[in-house]
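Okay, structure first, notes after.
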């Protein structure tokens, strides 16, 4: 009996000397849980970072459009002292940068949305895993995440996951100050993912305290199922942790083994993924964030740099260049003006062609009877000859007055001297001895006496268009 007591005393002494990990092996080791929480926080920060970065870049691109719109050729130019040594070079650079970056706005916004969404989804998967284990605490002191001592992990020890007690409602949101602070920096998601495999793996489960193990990580009949063992592999967080049904005593003293996240968990072991960066939800986040970073880097600070150069050249370093609607549309207005002038020119040409066709009939050399039968002709008794009736002729389209000069000029034909006598010194020329202008269909290549009102109507039309454009500018 005394001998038995001595044996019992020795056994108790040995048990009390075992390290906390062995004696209180209730589940997930603190270092592993902390690595998972850090990954989750950084994924949320990455989502915020992508959204903020895209917003900033798009704002800069639109601002570049704004300031460049004011950089018109006749604007006040900077000098070398203003940091603008070559105005034209800055103008061209700003134009090219604006065109290239504006074309990327839609793609940038789409890429940022995908990256942020994937990072947020991956963080959610890890949060669900940690939340389930953190809440698993029994009345007799059992738990699924061990703290730094012999008790369960606290929210302070899991600060990258929780802001209060270990409840899902207290997990860090994307708007949490901790996430915002992390979003101001940069991180390598692949490195953080691999850290989940390395942290707290080798000594997480060992010893012979299986009866105290976390049931959420055991596949035997006294584990995650009631009264029966699993029929296959159970996976947490898309394979971050896996365990199977074999082994009557649950977790063996051989500890945790590391296999690919897709491997089947056989035997007594609990398998941590040796390749967390390849877990589908994490791999997707890493890939889409990388895609966004590549696109964002192609834009970089180009728009911002161009803005500063433009402001210097516009002598606006210390003031905001306001958006002027007319300047934003200078090119458009020029095109529309040219189009309007072309259309007006065509219309005038058609009118002149009709006028030529409707010019007064030739009444010369007609006898009295024939003259009376010819429309537009009448017999002049005093002179005894056939002449055009008074009031015939086409109206001037610009002034609305009758153009009685057409026949007056054309009757002289190639007689230059007679043509020029029709003009009164000091007054606008009535006739001109010249070749035909654009739109004149009557022998345009031949020099002869022609009506001067053709140019008058076109000059009036151009003056109307010019006045309208100047009204827009001022």
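Using the three backbone atoms N, Cα and C, a Cβ is placed for every residue, glycine included.
These numbers come from a predicted model, not from an experiment.
Residues annotated as compositional bias 'Basic and acidic residues' in Swiss-Prot: 414-423 (among others). DSSP states for the compositional bias 'Basic and acidic residues' (414-423), grouped as helix (H, G, I), strand (E, B) and coil, give 6 helix, 0 strand, 4 coil.
Sorting each residue of the compositional bias 'Basic and acidic residues' (435-449) by its DSSP state yields 0 helix, 2 strand, 13 coil. According to Swiss-Prot, the feature compositional bias 'Basic and acidic residues' maps to 435-449 (among others).
Look at Swiss-Prot and you will find 37-161 (among others) tagged as disulfide bond, backed by similarity to another entry. When secondary structure is read from DSSP and collapsed to three states, residue 37 (disulfide bond) falls in the helix class.
Here the Cβ of residue 144 (disulfide bond) has 23 other Cβ atoms within 10 Å, regardless of which shown protein chain they belong to. As annotated by Swiss-Prot, disulfide bond applies to 144-214 (among others).
According to DSSP, residue 451 (GPI-anchor amidated asparagine) is assigned to a strand segment. For 451, the entry in Swiss-Prot reads GPI-anchor amidated asparagine, with the evidence type sequence analysis.
Taken from Swiss-Prot, the feature region 'Disordered' applies to 388-449.
Annotated signal peptide per Swiss-Prot: 1-22, in sequence order.
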